[in-house]
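Since the structure comes first, as structure tokens, the remarks are kept for the end.
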């Protein structure tokens, strides 16, 4: 007679074992109709699963995050159902959920086209609209293998052979004549799976190993209702318009080429944005009492072995040899900063020492993962390392957190997800050290009243970390900032200070990055602003243009005034209509266009327009200069006339 405890604390007693769905039915028909699955004692279970003992139960519906993930997983099975009907010889591999959707890897003797995707999507819709029940069946390992051997599914048999114990009882899910194997849970009926779209096909090796056969990966998205689906597709369209690679080319910011994969060729305008970011961060370094240093970008293998990077990070390091010595190009700045700390005797009175660097780092990322500025091999980190005592950890981490929010707020990012990443399986240092490090970060987060998510096993090999992920205007998350405690590296590199009792102690090291990779951050803000950089960041802040040749001299005079005031300005004296010039510079996202005609010359003024098409009227040149300088000094996000 199980007693079921519901989320509100109420209890229901049943005479016999009861299914998740039956409990929902006992509460109400509306809830039963909405039930996708249940969370029994915290574990997700199918709606048909029986509850034999006293348990807690939460009903999962399409309104829950778990419910949406289950819908997506079931849509992957629906795709399998459809492709098996249209291409009976296809061999099914794996079909998991991913962010915003799902995919299925299939082995088919022909390449799928967009037309095939359209046909598949249509068949999926036809099947889903029949609202058939999904039937779950627990079988023995041998029964499952016999089932897939009979159905000619070698990949399913391989999963059973390699991943599932022979004494296990895997679950088979029956979609009419189609059978798939999965941990589940899945929807009880296909009425929940009406809102999806197949997105693209890509290649994927079986098991992710290039030695194995290349399969075709069909990507799809799925949502709880039509409004959510349409909203997502609209966001994708907007994201395509904001793609930093497209905007970067249109604005002549940078380029990349095959001879230097994952490396950026910065053009003048892109490098201007880069340097403005550096300048801004430098002002904050001064405000938060950091010293700026510069270390070598290549060091001997011996040092990297001491730090543990060679053993734990070697696959991602570029190496070279000279005079019978092996060197590694640095993938991160921390070992170099310890070398600087080690020069000269340090006292506890000297701590904390906050050491920052715009460090040029290189990582040998897989070529398939490279993506514009977002994933590169050569990048610049706004990196810092704080050497402190254990007693100073919380105050220093708190200062880092304050700096993170200060800088992100300047760019308009206020929705920030905070995550605490704990010890990974592959790590250095004793468990006691990890206990102290993880607790220190957790205490600082609690002290700052920050809600955070724990990411088990996602820390670096030398310490746990706090991650800050920015949520942009398209509701995407970008992980940028990190604060990382490290009790191991200073000791490995013999860093020490003289404590108050005159004993030598090893300092705690806090790794801190805010923008992360500056290249990646430029990619993020390019998409966030759609290339409409605020005036302080814009490569060109104003263009001064004439109407006829008679105003050319006045234009040059105005340009000199703005340039002498420290503003980035260009003249456009081409023999083109002023409307043509305005349109061209609008497409280049120049914040302000200053038009000089005979009337403006007579009054000593300029006519001001913004890139958004707002006519701001005429301004005295000096007045406009002061207004623009104020926008730049204040790092304001909006232009004149934008509220």
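In case you wondered, yes, glycine gets a Cβ from its N, Cα and C as well.
Same-site candidate for Zn(2+) binding, as annotated by Swiss-Prot with 334, 511, chosen from 362, 371, 385: 385. For residue 385 (Zn(2+) binding site), the Cβ neighbour count at a 10 Å cut-off comes to 28, with all displayed protein chains included. In the three-state DSSP classification, residue 334 (Zn(2+) binding site) falls within a helix. Under 8 Å, Cβ to Cβ, and six or more positions away along its own chain, residue 334 (Zn(2+) binding site) finds 307, 383, 385, 486, 489, 509, 511. Other residues of the same chain near the Zn(2+) site, with their Cβ within 8 Å of the Cβ centroid of 334, 385, 511, are 332, 333, 337, 383, 384, 484, 486, 489, 509, 510, 512. A simple way to gauge crowding: the CB of residue 511 (Zn(2+) binding site) has 23 other CB atoms within 10 angstroms, across all the protein chains here.
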